[in-house]
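Novice: First the structure, then my questions, so here it is.
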Ligand SMILES: Cc1cc2nc3c(=O)[nH]c(=O)nc-3n(C[C@H](O)[C@H](O)[C@H](O)COP(=O)(O)OP(=O)(O)OC[C@H]3O[C@@H](n4cnc5c(N)ncnc54)[C@H](O)[C@@H]3O)c2cc1C
Ligand SMILES: Cc1cc2nc3c(=O)[nH]c(=O)nc-3n(C[C@H](O)[C@H](O)[C@H](O)COP(=O)(O)O)c2cc1C
Ligand code: FES
């Protein structure tokens with residue numbers, strides 16, 4: 001875990017307000033676990049002050065290159081979108097606990113379900129799973145056809161179903177509509193996206209699985225207790241017990257946390 | 001040779017820089033980045049008698065050059081801190097300051113007495129200023145008489161020096177400072193966060209689940225400097241200054257305002273190496289400015305003021 005000035009090797013708008021950025025540097029060597037994230041400083045000064053958490057979307061160890069995909073939302077990510085090739089970016093990471101790969105044996109099947117900017121971490125996961133000989137089936141949810149990204153990349157790794165809320169492409173509806181239609185069995189599911197989607201996926205799933213959560217962060221390293229979620233097991237005196245998303249997560253076993 | 005050493009009640013420090021309570025956990029997270037022996041001291045997260053779950057999320061919101069937080073004193077409770085966190089810190093040769101919080105006087109007294117008996121605890125910091133916890137009507141941090149009573153009671157049981165952490169959310173900070181000094185406080189820490197709010201204009205609702213939160217970061221620095229300037233002239237006990245420090249020049253400003261040492265909070269989130277980098281850049285800046293001893297500039301802002309006014313008389 002390290003802070004490094006990574007060099008931006010490319011940046012491209014791959015869908016409306018969705019950017020793919022590639023970065024190069026030594027710390028990329030340590031980014032081996034899918035589902036982990038980096039904490040990015042978007043300004044040189046003190047405004048905006050805090051780092052922004054962004055998932056690791058892909059890593060090329062040959063090129064020592066990290067790929068992130070993000071949506072230009074507020075001030076910080078818009079500043080990120082304005083960066084150019086050869087600019088440097090202050091990156092802290094990799095951080096957090098990723099998706100456990102050893103839960104799946106060779107020949108087993110994983111169902112990956114992603115929504116919007118929850119999709120990027122699933123791509124690195126899919127690549128790692130395929131390398132292990134696990135069959136990967138993916139369901140990606142978008143609002144409308146223009147928003148679709150990474151479809152081709154996921155198709156190269158296994159079966160893929162795309163859903164759009166307005167029906168302009170693929171299955172009309174939500175990712176869970178596609179889950180209900182696909183009756184083929186799977187051994188585990190992995191999901192990342194907005195909380196209502198995670199909830200629906202967990203309820204619709206026919207197996208145990210893993211979910212990746214988001215929360216507003218301070219430190220990103222487990223020290224400030226900003227980013228907690230409720231644990232479903234133990235209770236403290238006040239009847240609640242929290243897990244830190246930045247350091248205990250962002251990936252949790254679906255039953256471990258209350259969503 | 002620049003003298004960075006500091007001697008404060010209970011605290012023998014090799015430099016004036018320590019992390020601020022709540023921004024550094026119990027040290028373990030940042031120990032993965034650097035050797036904590038580089039620090040002047042360490043202040044750990046608030047400890048309460050029982051485990052606290054804290055507030056619902058969102059607990060933080062970014063604001064202009066600052067942030068709001070309403071963590072709600074989440075901590076594993078006294079027993080856990082005694083069994084795990086403090087023993088872990090024994091491997092380091094730096095003073096440990098334990099931040100103590102509670103709902104009632106009895107809570108504070110119980111935690112203070114117990115913690116102060118632990119062998120690697122050098123001082124207590126009474127957190128009477130957390131803006132994020134509702135205590136059944138008792139305003140420890142804003143009523144000078146209650147703050148003084150608490151200080152007196154804790155002093156009576158504590159085996160180590162007691163620093164009282166003051167809230168900036170008061171009409172007259174000097175009055176508070178004098179009250180706790182008179183009650184026996186060995187030192188002051190200031191400032192805690194300023195009560196604030198951010199509203200999400202898309203939902204029309206406050207961003208933080210607790211609605212209000214404590215403002216920290218560079219945005220509050222001028223308030224901290226002003227309050228330290230005022231209080232340091234009114235009391236004789238040392239001040240650990242904090243509030244928005246991000247650079248070595250900020251540290252110099254706090255020392256000149258009248259702080260004897262400084263604590264770094266929010267800056268750790270922006271840069272996990274903030275404390276060691278500030279320690280080394282402070283030394284560089286002091287060399288550049290021809291300052292050879294930290295002590296020589298403490299309170300310079302008002303000391304020179306008064307000597308100027310004296311000589312012109
Ligand atoms: C573990 C993790 C991984 C993430 N991975 C990705 C990713 O791969 N691609 C992507 O597009 N987005 C991702 N996000 C969401 C991303 O962090 C936010 O979109 C981003 O922080 C918004 O910053 P902003 O400056 O655009 O918005 P602003 O509204 O200006 O941000 C203000 C503050 O709120 C925080 N914030 C706002 N929205 C979110 C959010 N959804 N989650 C966490 N903090 C938020 C910001 O970090 C900042 O501190 C991830 C979030 C987490 C927690
Ligand atoms: C996330 C967070 C948690 C904090 N928790 C505590 C705490 O437990 N006890 C305490 O006395 N102060 C706490 N503080 C206040 C800081 O110690 C410090 O007084 C304040 O943040 C101002 O310094 P800064 O601007 O350098 O952060 C907390 C601050 C932040 C940002
Ligand atoms: S962001 Fe600080 S504990 Fe997770």
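Cβ atoms are placed via backbone N, Cα and C, with glycine included.
Curation does not apply to TrEMBL; its annotations are automatic.
According to TrEMBL, the protein has these features:
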type: ACT_SITE; residues: B:130; note: active site, nucleophile
type: BINDING; residues: B:21, B:45, B:46, B:99, B:127, B:165, B:191, B:217, B:243, B:244, B:265, B:266; note: FMN binding site
type: BINDING; residues: B:45, B:69, B:70, B:71, B:72, B:73, B:127, B:192, B:193; note: substrate binding site
type: DOMAIN; residues: B:6-286; note: domain 'Dihydroorotate dehydrogenase catalytic'
Novice: Taking the residues the record says bind substrate (B:45, B:69, B:70, B:71, B:72, B:73, B:127, B:192, B:193), how far apart in Å are the two Cα atoms that sit farthest from each other?
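Specialist: Max Cα-Cα spread across the substrate binders: 16 Å.
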Novice: Which binding-site residues of B:21, B:70, B:72, B:127 contact ligand 2 in the sense of C-beta under 6 Å?
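Specialist: Checking each Cβ against ligand 2, the ones under 6 Å are B:21, B:127.
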Novice: Restricting to the same chain and to sequence separations of six or more, state which residues have a Cβ under 8 Å from that of residue B:265 (FMN binding site).
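Specialist: Listed in sequence order, they are B:19, B:20, B:21, B:22, B:23, B:216, B:217, B:242, B:243, B:245.
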Novice: Using a 10 Å radius around its CB, how many other CB atoms surround residue B:191 (FMN binding site)?
Specialist: 27
Novice: Just the number: how many Å between the Cα atoms of residue B:46 (FMN binding site) and residue B:72 (substrate binding site)?
Specialist: 10
